[in-house]
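Here the structure comes first, spelled out in structure tokens, and everything after it is commentary.
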Amino acid sequence: MARKYLGGSGNALTVWISVAASTVLIFYGYDQGVFGNVLIGQDFLETMGMPSTALQGNMTSVYNLGCFFGALSTIITGDILGRPRQLLVGSTIIAVGGIIQAASYGVPQMIVGRIIAGAGTGMNTATAGVWQAETSKMRSRGKLVIIQMANCIGGFSLSNWLTLGFSFASGSVAWRFPLAFQVFFTALVWCMCPFLPDSPRLLIRKGKYDEAYEVLAALEGNGATVSSPVVKTQFNIIKDVLDREHINTYTWWQLLSGKGPYGVLRRMILGAWMQGMNQVSGVNVTSYYMSYVFIHALGVSELRARILAAAGSVDYFIFACLAYFVIERYGRRSVMMCSAAACCTCWVIITIALALTERDPGNSYRYGSVAVTFFFVFFASFGMGVLGVPWLYPTEINALAMRTKGASLAMATNWICNYMVAEVTPSGIANLGWRFWIIWAVLCFSFIPATFFFYPETANRSLEDIDRFFETKPGILIHRNKLATQLQRPAIYEEADMAIQEKEKNEELAGIPGKGHDGSVDVEMEMVEDLVSR
């Protein structure tokens with residue numbers, strides 16, 4: 001097993017999967033940051049025929065339309081191809097789009113390249129987090145997805161520094177090389193993904209039990225084999241939850257109209273809107289247009305704007321890494337609400353500073369310095385929570401059999417909101433001035449009550465625990481439900497796992513065949529269902 005998966009098993013294999021998934025997110029972060037810095041280059045603008053502000057917004061935002069349709073496509077292709085192969089397809093498509101962009105001599109060609117690259121990015125972002133979550137242990141799942149997001153910001157920072165360096169080059173190489181550099185990440189993905197395992201949960205859902213046992217044993221490590229009790233228990237817990245859900249026997253219309261298993265539609269909405277929060281927080285005003293904002297909202301020079309943007313991306317990266325230390329310790333709910341409150345405060349102060357700059361131009365440098373400072377504080381605040389939690393949550397909250405589809409819809413929501421933000425930002429800055437920033441303050445504040453009242457905690461739960469929680473048919477408002485809000489793993493879930501293990505031991509002692517590779521004999525779940533429904 002170890003030789004099969006890049007020589008890794010146990011924690012080493014988990015690290016390899018994390019590196020591969022993180023490379024995909026570095027790819028995404030780089031793509032997100034590179035075009036905003038290309039957009040302000042004089043040679044680029046001249047090559048594109050000096051596009052208007054609206055056309056610049058269109059060139060930037062069509063990328064997100066490509067991402068939207070790419071993410072939606074994984075509803076169909078995600079389970080068929082599996083996680084690693086889907087990432088290979090998405091990364092290859094991005095490379096094709098990057099080459100078209102780097103070779104562009106006009107707006108139409110650039111738009112085509114942006115849409116194609118976006119389609120690949122949408123596929124990748126809908127897949128990487130699910131793959132990571134479905135192959136991680138309960139206690140490390142959140143941290144590993146946070147590492148992915150930190151790497152995403154690392155890619156974003158790389159794009160800022162690379163474009164800053166190439167801004168000193170003459171001619172079109174200043175923008176063509178940064179766009180062409182996307183191919184490098186595709187090469188890295190191809191060096192890893194063909195040699196790494198698919199999600200064992202997906203393999204079980206597809207009936208590939210032998211392969212699922214093999215992957216579970218490899219992920220367990222410590223010499224575990226397909227016959228090890230711990231591997232059999234993990235297999236049985238996953239399959240028992242799938243058997244009880246029976247989601248595959250329902251049509252899409254039945255699931256979406258609430259006639260399927262309880263909570264499927266609600267869980268998809270929770271995951272999708274959590275991703276929506278990530279995008280309407282205002283972060284992509286700065287991700288796509290950081291240099292543009294500094295030039296047009298604060299009036300600084302192009303070179304200073306590029307330097308500030310590059311420095312801001314480092315600040316962003318540092319605090320995205322620090323989120324690793326809080327995501328499991330304080331849970332998804334608390335981290336999300338505290339981060340949203342800090343982001344809201346930053347936007348309020350930025351709004352006030354820019355309003356004072358407009359009313360008192362003589363002190364514009366002083367007020368502008370305050371605004372820049374709180375842009376940096378915003379990056380720190382966002383990186384600590386609103387960055388990572390929305391990417392992690394849809395991979396956890398959706399029903400086991402619907403995780404691919406739920407994550408795809410969540411990412412589609414992410415990208416359509418992303419498109420809206422990228423489309424309105426240039427015009428919003430030009431036409432609304434300081435009032436433009438009020439929008440993001442209000443939206444960030446709204447995340448606090450939404451998370452408090454509607455979102456159950458997913459930290460310190462196995463993915464199967466979350467399925468069990470929704471089997472209890474909780475009400476829409478969960479803030480008074482201790483099972484939903486406590487940080488520690490609820491004892492009834494531990495009892496449910498122990499019940500399955502005890503059942504297996506009793507069946508072995510009695511000589512009764514358990515649920516083996518062919519899944520022909522089901523483990524009875526009455527005791528577990530009783531525990532969960534207390």
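The backbone N, Cα and C atoms fix where each Cβ goes, and this holds for glycine too.
Note that the coordinates shown come from a computational prediction; the quantities given were computed from them, not determined experimentally.
Sequence annotations record features per position, and here TrEMBL assigns transmembrane segment to 12-30 (among others). Note on the transmembrane segment (12-30): residues 2, 5-6, 84, 87, 90-91, 94, 121, 124-125, 127-129, 131-132, 135-137, 140, 144, 147-149, 151-159, 181-182, 185-186, 188-189, 192-193, 196-197, 218-219, 221 of its chain, located 6 or more positions outside it, place their CB under 8 angstroms from a CB of the stretch.
Taken from TrEMBL, the feature domain 'Major facilitator superfamily (MFS) profile' applies to 17-459.
Annotation source TrEMBL lists transmembrane segment at 61-80 (among others).
According to TrEMBL, the feature transmembrane segment maps to 87-105 (among others). Tertiary proximity for the transmembrane segment (87-105) is limited to same-chain residues at least six positions away from its ends with a CB under 8 Å from its CB atoms, namely 20-21, 24, 27, 31, 47-48, 66, 70, 77, 81, 112-124, 127-128, 131, 176-177, 179-183, 185-186, 189-190, 193-194.
With a cut-off of 8 Å between Cβ atoms, the residues of this chain six or more beyond the transmembrane segment (111-133) that come close are 17-18, 21, 24-25, 27-28, 31, 35, 58-60, 62-74, 77-78, 83-84, 86-87, 89-102, 104, 141, 144-145, 148, 182, 199, 391-392, 394-396, 403-404, 407-408, 410-412, 414-415, 463. The annotation transmembrane segment is assigned in TrEMBL to 111-133 (among others).
Taken from TrEMBL, the feature transmembrane segment covers 145-169 (among others). Here the transmembrane segment (145-169) has long-range neighbours at 18, 21-23, 25-34, 37-38, 41, 128-129, 132-133, 175, 177-178, 181, 185, 287, 290, 302-303, 306-307, 309-310, 312-314, 316-317, 320-321, 323-324, 327, 383, 387-388, 391-392, 395, meaning same-chain residues at least 6 beyond its ends whose C-beta is under 8 angstroms from one of its own.
As annotated by TrEMBL, transmembrane segment applies to 175-196 (among others).
Annotation source TrEMBL lists transmembrane segment at 276-295 (among others).
The transmembrane segment feature in TrEMBL is assigned to 307-327 (among others).
Here TrEMBL flags 334-356 (among others) as transmembrane segment.
Feature annotation from TrEMBL assigns transmembrane segment to 368-393 (among others).
Annotated transmembrane segment per TrEMBL: 405-422 (among others), in sequence order.
According to TrEMBL, the transmembrane segment annotation covers 434-455 (among others). Tertiary proximity for the transmembrane segment (434-455) is limited to same-chain residues at least six positions away from its ends with a CB under 8 Å from its CB atoms, namely 270, 273-274, 277, 280-282, 285, 332-333, 336-337, 340-341, 343-344, 347-348, 350-351, 354-355, 357-358, 386, 393, 428, 476-479.
Non-local neighbours of the transmembrane segment (334-356) in the same chain are 277, 281-282, 297-298, 323, 326-327, 363, 367-368, 370-371, 374-375, 377-378, 381-382, 384-387, 389-390, 433-435, 437-438, 440-441, 444-445, 447-448, 451-452, 455, 487; each lies 6+ residues outside the stretch with a CB under 8 Å from one of its CB atoms. Long-range contacts of the transmembrane segment (307-327) within its own chain (CB-CB distance under 8 A, at least 6 residues past either end) are made by residues 33, 37, 142-143, 146-147, 149-150, 152-154, 156-157, 159-161, 164, 286, 290-291, 294, 300, 335, 372, 375-376, 379-385, 387-389, 392, 459. Highest Cβ contact count with the transmembrane segment (276-295) among the listed stretches 61-80, 368-393, 405-422 falls to 405-422 (criterion: pairs under 8 Å). In this chain, the transmembrane segment (368-393) lies out of contact with the transmembrane segment (61-80); the count of Cβ pairs under 8 Å, excluding pairs fewer than 6 apart in sequence, is fewer than 3. Outside the transmembrane segment (368-393), and at least 6 residues removed from its termini, the chain residues within Cβ reach (under 8 Å) are 129, 133, 141-142, 145-146, 148-149, 153, 270-271, 274-275, 277-278, 281-283, 286, 293-294, 297-300, 308, 311-313, 315-320, 322-323, 326-327, 332, 335-336, 338-340, 342-343, 345-347, 349-350, 353-354, 357, 414, 444, 447, 455, 458.
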